[in-house]
């Protein structure tokens with residue numbers, strides 16, 4: 001199988017990692033700085049420029065990405081190639097995107113927070129959700 005579940009962590013097969021690293025190697029971007037794939041609890045984080053970049057390089061890549069759509073194009077390719085694995089590819093922050101099992105997004109906690117009438121989620125980016133752009137989300141209960 002391409003994705004193995006163990007101790008509530010998702011382990012992503014070498015096929016995805018190798019494909020992603022080859023994709024990044026072939027990207028025509030001004031700089032690459034290392035730590036392109038970072039394993040986190042229940043997900044992986046992918047950064048085309050690399051997490052080892054300086055703040056200035058991070059800011060420059062963010063501007064470059066807005067014009068060239070590096071991350072949206074990469075996410076589109078990964079969704080097409082690995083869509084059968086039931087994964088979510090979520091762009092966030094300045095330089096990266098997350099890959100995690102469908103349903104493991106910020107709404108996952110709602111099943112454990114029944115006593116709250118309202119839940120607020122905040123982030124540093126805005127993205128379209130059901131034809132509405134959010135910089136924060138308020139989910140009524």
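Glycine residues also receive a Cβ, built from the backbone N, Cα and C atoms like all the rest.
In TrEMBL, annotation is done automatically, which means it is predicted and not curated.
Per TrEMBL, the features are as follows:
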BINDING   40, 51, 58, 96, 98  alpha-D-mannose 1-phosphate binding site
BINDING   124  Mg(2+) binding site
Largest separation between Cα atoms (Å) of residues that the record links to alpha-D-mannose 1-phosphate, namely 40, 51, 58, 96, 98: 20
Distant-in-sequence Cβ neighbours of residue 51 (alpha-D-mannose 1-phosphate binding site), under 8 Å, six or more positions away: 33, 34, 35, 36, 38, 45, 95, 96
Sparsest-packed of the listed binding-site residues (40, 58) - C-beta count within 10 angstroms: 40
Sequence-distant neighbours of residue 98 (alpha-D-mannose 1-phosphate binding site) in its chain (C-beta under 8 A, six or more apart): 40, 43, 44, 45, 46, 88, 89, 90, 92
Residue 96 (alpha-D-mannose 1-phosphate binding site) - helix vs strand vs coil (DSSP): strand
